[in-house]
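As annotated by TrEMBL, domain 'Palmitoyltransferase DHHC' applies to 95-218. What TrEMBL records for 12-31, 43-65, 141-162, 182-203 is transmembrane segment.
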């Protein structure tokens, strides 16, 4: 996979600091106070949370540094391809989609990003928190990162609440003030992130089950309205069934769905559609 250029990003730095803060407060405050890091339950929880944190950091790093997908300069749509019945066209004029800024044709599901200043394959959205577009090659790792991040936040919240049930008699006033600050800040951060990331996860599960991108969802709302206005029924062309949609995005092996790998994704220039399973009708006999 190609890598995008590396540069300093304040949002990315903030995310890494938040991950570090949650990790150290969870392991060295919540787990230590509840179980003690020298006990078997403490070691087990610390090991489990460390593994979860490492998966968060790794999947986040891949989402940040992996190129979301570039349109080859040599790309040309094959309008005579009988096996590809869907060719996306402009909303006005009926011409094949052409990017005036990049000066080349756009494959199906590709869009121009004003921030990255180029077209991105199967673009979902530009995310400031990864300083990158979420597109064809890094959508799965972005999705997996959100799953791990939500799990880590909920896990940390459980440990926070559990540690509050433990009363320590040997804490001096200065240590008590320090712990109160840790608990107040951690509670605010964890509750906020759990809600925000939970909503984001539910949203992308919904999109994945229908094989839609965020852009396609908003375009589909308008297309559905126009179809209903014309007395027709709109169907998203890339929706081939919930399970098949998930395998196209997360991979054919269910056991590897939470692994931040994406060897199954293909070129990003062509995608299976609901029309692919429909046989081409032969010419009627006289």
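Every residue, even glycine, has its Cβ placed from backbone N, Cα and C.
Those TrEMBL annotations? Automatic predictions, nothing curated.
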Counts of helix, strand and coil residues, the domain 'Palmitoyltransferase DHHC' (95-218), according to DSSP: 68 helix, 17 strand, 39 coil
Confidence summary (mean pLDDT) of the domain 'Palmitoyltransferase DHHC' (95-218): 93
